[in-house]
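K.L.:
I have a structure here, written as C-alpha cells, and I will follow up with some questions on it.
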Amino acid sequence: MERRDNDDFRRPFIADSPLQNHLLVPSQNHRFRINGSHVPCNPNFQNPDLFQSPSLAQRYSTTQSLPQASELSHECGLENSFGGLNLNAPCNNHSQLLDLNVYLYKMRIDSAVRGQMGMFHERFVGHSNSTSLNAGQDLVGRGAISRSATFPSTPIGNHDFNNSQRRSQSLDELASACPRRLINNPERQYRSNAWAQNSSSLLSSSMYNHRPVVYPHQRMNYSSLKELKGQICLVARDQHGCRFLQKKFDLQIITSEEIEMIFLEVKDELHELMVHQFANYLVQKLFEAGTQEQRTELLLVLVSSEQRFVHVCTDVHGTRVVQKFMERVSTPEQRSILLSVLKPIAVTLTIDLHGHHIIEQCLNKFSNEDTKHLVDEIVEHCLDNATDKSGCCVLQQCLAHAKAEARERLLAEITANAFVLSEHPYGNYVVQYVLGMKVPPVTSNLIEQLGGSYVTLSKNKYGSNVVEKCLKDAGEEHSARIITEIMHDPNFLKVLQDPFGNYVVQSALNVSKGDLHNALVQFIQHHYPFLHSHLFGKKVLARTRERRNRV
C-alpha cells in the first residue's frame, strides 16, 4: 500500500507469509514487518515507529482502553485487536476502506494458517513476553489491553481445542462478513479468494503430511544370466529375481549352457531352495527344462538325507516341488529311487497335512505293481491312518487303486474295526466309502459287524451318518434289518428325541416300504404325546404326515 498522510490513520501491518516461510522454526523472536521495520510478535512490545501519531501511541497506555469502533475503522492493531473492529463503521474514503477490508481478510486467514501449522506452538516458560491466545481474547473482549500486563506462561499447545475452534470460526465468519464489501471490486475479490484457496491447500499438506516420505522398494536390475553367474541362488530368493529367471524358462530364451549353469548352482542348495517361498518356483522350472541326467542327479541329491527329504515333503512349498518332480519322472531308475525312499516314511507322510499329497500322487501316477510295497506299508497301519484327518483320505485312494490282494487286506481291516471307525470323526468317512463301493460281500460283512449297535450309533454324531448310509446304500434287505432293530429297541423313544437319531428315523421312513413302513409309523404315533411338542420329535411326526400325503 502507498503511504497515507493522515496522522490519525495507521497502516495495517503485513506479516511474513507462512506460505513462503512455513519451514522456518518459530521462536520468541519471530517478527512482523510493519512499515518496512520488524517488530516482535508480542502485544506488550512498544515500537515508536508503530504509530504515525504520538497521540495515538499514548492512547494505548496501560491506563486507557482500546479506541472506539468509529476510530478503529482507520486504526488497525495487532491480530488480537481485530476482534474489536467494526466492519460496518462509516468511512469517508471508500478506497481506504476497501484496502483495509482486503488486508483484514488476508491477515485473518494468515493468522489461522499460522495457528494450524503450529507456528507459535512453543513454550515461553519464564519469559516476560510469553502470552496466551485465550488471554489475548479475554483482554480484547473486555476492551482493554496493557503493555505491562503479565500473561500466563501456559503453552499454546495446551489449548488445542479452543484454538482449533477459534480458527475455524474466524474463517467462517470472515467468509460471511467480507463478500458484501469485496463485491464492488471483482478483481480484488478474485485475488483474495485465490489466496485463501492456496493457503488452505498448503495448510492441509503441512498439517497431515508429517510422516517421512517412504520410497518404493528399489528393485534389482537383471540384464542377463551371464552377469548372475555365482549368484543364482541369491537371486532366486528375491521375488523379482526369481520372476526374471522363470521368465527365461517360460519364453524359452534360455540356452542349454545357461541351464547347466543354473543346475550346478542350485544343486548345492537344493533343499533350502525347495522350501523357499520364491526359489521353489525356479526349482520346478529346472525339473521341467532339465535333461534326464540332470533330473536323476537332482533326485539323488534330494533323497541323500532322509531327514531333509521328509522336511521338504512336509513343507507347504516343498511338497509342491516334489509333486511337480514326480510328474516328470519317466525312467525306471528314477521311479525305483523315489519309491524306495518313500516306503519307510510312507506312514509319516500319510498322516501329514502336506505330505499325504505325495502318497496320493504316487497312487495316481504309478502302476499298482510299482506302488505295491508302498500300499503294504499303509495297510499295516490301517487303523492309525483311518483315524487321521489326512490318513483317511489316503486310505480311500488306496481302496480305489490297490491291487486285489492289498485291497482285500485293507477291507478286512476296516470291517474288523467298523464300530470304532464309525464313531470316529475321520474314521466314519472310511466306513461310508466302503459302503459306497457297493460290493455285496463286503457290505454284508459290514452290516453283520455293526449288528446290535445301530441304536447306539444312531445317537452318535458321526455314527448316525454311517447308519443313514447303510439304510440308503445297503439294499432293501439290509435296510429292513436295521429298521426292525431300531424300531423294536426299548430306547426307540430316545432315538426319536435325539438330535442325531431323529434324522436316522426320517431316513428310515423314506426307504421303508409296505408293511414295514406302516409298522414304523404306528410305533412313532404310539409316542405322539412325547413328540408333538418336542424340538426333534415333532420333526419326525411331520415327516410321517408328508409320507402319508404323498402316498
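Including glycine, each Cβ sits where the backbone N, Cα and C put it.
All annotation found in TrEMBL is predicted automatically rather than curated by experts.
So TrEMBL has the following annotated:
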COMPBIAS  151-168  compositional bias 'Polar residues'
DOMAIN    202-548  domain 'PUM-HD'
REGION    151-170  region 'Disordered'
REPEAT    265-301  repeat 'Pumilio'
REPEAT    304-340  repeat 'Pumilio'
REPEAT    377-412  repeat 'Pumilio'
REPEAT    413-448  repeat 'Pumilio'
REPEAT    449-484  repeat 'Pumilio'
REPEAT    485-522  repeat 'Pumilio'
K.L.:
Can you tell me how the residues of the repeat 'Pumilio' (377-412) break down into helix, strand and coil by DSSP?
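P.N.:
For the repeat 'Pumilio' (377-412), the helix, strand and coil counts are 28 helix, 0 strand, 8 coil.
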K.L.:
Quick one: DSSP breakdown of the repeat 'Pumilio' (265-301) into helix, strand and coil?
P.N.:
30 helix, 0 strand, 7 coil
K.L.:
May I ask for the residues of the chain that lie six or more residues beyond the repeat 'Pumilio' (304-340) and have a Cβ under 8 Å from a Cβ within it?
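P.N.:
Sequence-remote neighbours of the repeat 'Pumilio' (304-340) are 271, 274-277, 280, 283-284, 287-288, 292, 295-296, 298, 348-349, 352-355, 357-358, 361-362, 365-366, 370-371, 373-374.
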K.L.:
Please list the DSSP helix, strand and coil residue counts for the repeat 'Pumilio' (485-522).
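P.N.:
Within the repeat 'Pumilio' (485-522) the tally stands at 29 helix, 0 strand, 9 coil.
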K.L.:
Could you give me three numbers for the repeat 'Pumilio' (449-484), the DSSP helix, strand and coil residue counts?
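P.N.:
Counting residues by DSSP class gives 27 helix, 0 strand, 9 coil.
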K.L.:
Can you give me the average pLDDT across the repeat 'Pumilio' (265-301), rounded to a whole number?
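P.N.:
Averaged over the repeat 'Pumilio' (265-301), per-residue pLDDT gives 95.
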K.L.:
DSSP says what for the repeat 'Pumilio' (304-340): how many helix, strand, coil residues?
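P.N.:
Residue counts in helix, strand and coil order: 28 helix, 0 strand, 9 coil.
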K.L.:
Give the nonlocal contacts of the repeat 'Pumilio' (485-522) in its own chain as ranges (CB under 8 Å, at least six residues past its ends).
P.N.:
451-452, 454-455, 458-461, 464, 467-468, 471-472, 476, 479, 530-531, 534, 536-537, 539-540, 543-544, 547-548
